[in-house]
Amino acid sequence: MCGIVGIAGFSPVNQVLYDSLLLLQHRGQDAAGIATAHSNSFSMSKGNGLVRDVFRTRNMRSLPGNMGIGHVRYPTAGSAASSDEAQPFYVNAPYGLVLAHNGNLTNSERLKAELFKNDRRHINTNSDSEVLLNVLAHELQSNASGYSLDPVTIFRAVAGVHARARGAYACVAQIAGYGLLAFRDPFGIRPLALGKAESEQGTEYMFASESVALVGMGFEFVRDIEPGEAVFVDLDGKLYAQQCAEKSSLNPCIFEYVYLARPDSVMDGISVYEARVKMGEYLADQIRKSMPPSEIDVVMPIPDSSRPAALELANQLDVPYREGFIKNRYIGRTFIMPGQAVRKKSVRQKLNAISVEFKNKTVLLVDDSIVRGTTSREIVQMAREAGAKKVIFASAAPPVRFPNVYGIDMPTRDELIASGRTDDEICAEIGADALFYQDIEDMKRAVRDLNPKIQTFDASCFDGHYITGDVTTEYLDRLEYMRKHPEVLESGGLQMNLGYSANQ
Ligand SMILES: O=P(O)(O)OC[C@H]1O[C@H](OP(=O)(O)OP(=O)(O)O)[C@H](O)[C@@H]1O
Ligand SMILES: NC(=O)CC[C@H](N)C(=O)O
Ligand SMILES: [Mg+2]
């Protein structure tokens, strides 16, 4: 899901960018980068690793300027290992542009080929974000008359991006000598918020994937960027905003509320924490229908993300809530780590059971979601090893049965434990005595209750409905094939139905 941030201020922004990336670290652990603008040129520092490992004092000193963007990466396209795909990306024409992207394009192969054949632009990595930047660059070039650039032209260029790009994208970009641009895809799948802070020289603006980054840096949350909207802040700090999509609708990714976002963020008018509490409430109703709560001795969260749901579930069932697993705070989020071997190993390193809480008890373990089943398989076994009499597992989200193509790395069906399995089969697979899943409608209701203006969500990994309309079975098959055969990607992509190779 990646985290992005952009600041247009009146004093150096390097430290604020760094600190806000730390606040967004949970959105991407693989790479980080910052680009700042000063006297018509950019300085950039990026690389693989966590924010605190990527930036050394010398890197920070080399990032002067009052305007800048930053990124933390959780790869969904290209490869996790390649530091060439760390963001921001840069192109030198027209004007000099840097861009940071959260999301995933569903037509990047086609766009890559178009860019090469028609727009004469070479894409040097397998990242869809580099493709997106070049589409923006081309649209700026073809919409500008002469050298100078104004907000009207910039908004026309974003409209051009909307017309060509498919999928999910929330972006921040800088145009050398002009200013800071932020835009969100017409379906509003990935989040992007605007904040402001008053300084002696005027209003400073900040864009971030989550409100926690704005508030944590002393900015006041102003509003979410609308789906399809672009906001531009010029070098004098003047803000311009315009709807750039012909048609737009808000369909936020529901998995943000389930797991991705920090609970202290508010996205599209919905508190992530409250949504998780509601999910706990509705899950409790469902469990109560199937078994008397008195049969459960203790409710336990799987730290961290399931805590709000588990606590409320325990309240509703009137069963004691206990912390039976202690998390090593120095190990990152398992789900967003690249590669199954490292994910599996890290569950045991990360979570350890307190035996006294398990001995001869019927325990109800609550997690926010079960995706590959890496966590639940290990945790159930750990609970048994710690002496539990019976282990019941509950997921605050419904079964994840379908790939995600909008910025979450779950592209193949076979890696999802719920794909092609019944609930009983999944229960057997994770080794639990019973398994409860949230109902899909209850999950949507839990989030929608908090902002009734949102009628639809991108819930594709749960219901298989892909809101952008271009994700066919053939597309998913191709994605799956590419994931299983990375050498195909390296050699220029699959030519199914395209009629040309992306690298031709
Ligand atoms: O079924 P799986 O493939 O294991 O994925 C689901 C698990 O991964 C996430 O935890 P993670 O450790 O990433 O982060 P957290 O500390 O925020 O819960 C999520 O909260 C579940 O626990
Ligand atoms: N999770 C994301 O937002 C990923 C952004 C982009 N698709 C990448 O792979 O770098
Ligand atoms: Mg977890």
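Yeah, the Cβs are placed from backbone N, Cα and C, and that goes for glycine too.
Residues annotated as domain 'Glutamine amidotransferase type-2' in TrEMBL: 2-236. Among the features that TrEMBL reports, active site, nucleophile is placed at Cys2. TrEMBL lists Ser305, Asp367, Asp368 with the feature Mg(2+) binding site.
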Key: Sorted by sequence, non-Ser305, Asp367, Asp368 residues with Cβ within 8 Å of centre, Mg(2+)   = Val258, Tyr259, Pro301, Ile302, Asp304, Ser306, Ala309, Val366, Ser369, Ser395, Ala396, Ala397
Request  = Give the number of CB atoms, excluding that of Asp368 (Mg(2+) binding site) itself, located within 10 Å of its CB.
outcome  = 28
Mean per-residue pLDDT computed across the domain 'Glutamine amidotransferase type-2' (2-236) = 96
Note = Cys2 (active site, nucleophile) sits from Asp367 (Mg(2+) binding site) (Cα to Cα, rounded, in Å) at a distance of 22
Query = In sequence order, which residues at least six apart in the same chain have a CB under 8 Å from the CB of Ser305 (Mg(2+) binding site)?
reply = Tyr259, Pro263, Arg276, Asp367, Asp368
Remark   = Its Cβ having more other Cβ atoms within 10 Å than any other among the recorded positions Cys2, Asp367, the winner is Cys2
Remark   = What remains of the recorded positions Cys2, Ser305, Asp367 after requiring a CB under 6 angstroms from ligand 2 is Cys2
Key: Assigned conformation of Asp367 (Mg(2+) binding site) - DSSP reduced to three states   = strand
